[in-house]
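Written below as structure tokens is the structure these notes are about.
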Amino acid sequence: SRAVADSWMDEVIKLCGRELVRAQIAICGMSTWSKRSLSQEDAPQTPRPVAEIVPSFINKDTETIIIMLEFIANLPPELKAALSERQPSLPEPQQYVPALKDSNLSFEEFKKLIRNRQSEAADSNPSELKYLGLDTHSQKKRQPYVALFEKCCLIGCTKRSLANYC
């Protein structure tokens with residue numbers, strides 16, 4: 001059965017888009033099961049502690065979520081509103097109109113004040129993507145996947161090469 005699994009994994013496929021993603025999911029599911037069955041043949045079945053049953057990625061995801069929640073809790077209110085409502089982090093100039101009517105500022109001074117605040121906010125606040133951890137680090141992590149997916153689509157790749165990314 002092991003030789004059949006090896007020949008199946010060395011089979012070359014040429015898929016693109018959704019079909020490639022479906023194949024990746026199927027291969028990852030099958031390679032996980034085959035790894036489990038091979039390890040069960042080699043080692044006797046012993047009960048594992050509950051902590052080992054929970055996959056490590058869940059613990060890492062939990063840590064990441066906690067860090068993000070703490071970070072978001074410390075954000076200025078304007079940025080919290082931008083993250084939750086997907087609105088610009090700065091108020092629109094129309095919201096300043098009542099304040100302008102009650103003040104002695106000229107319209108030109110008022111426009112200058114708004115521009116200064118917008119440029120200060122742009123300089124001091126990183127983009128929304130950085131707050132969510134989706135900056136260049138995540139893009140670099142995706143680059144090998146993109147290269148492999150392009151190869152699988154244009155030339156073809158083995159199921160084993162897809163299984164390496166499970």
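Just so it is clear, glycine is given a Cβ too, placed from its N, Cα and C backbone atoms.
The disulfide bond recorded by Swiss-Prot for C157 joins it to C152 [selected from C152, C153].
Within 10 Å of its Cβ, the residue among the disulfide-bonded residues C152, C157 with the fewest other Cβ atoms is C157.
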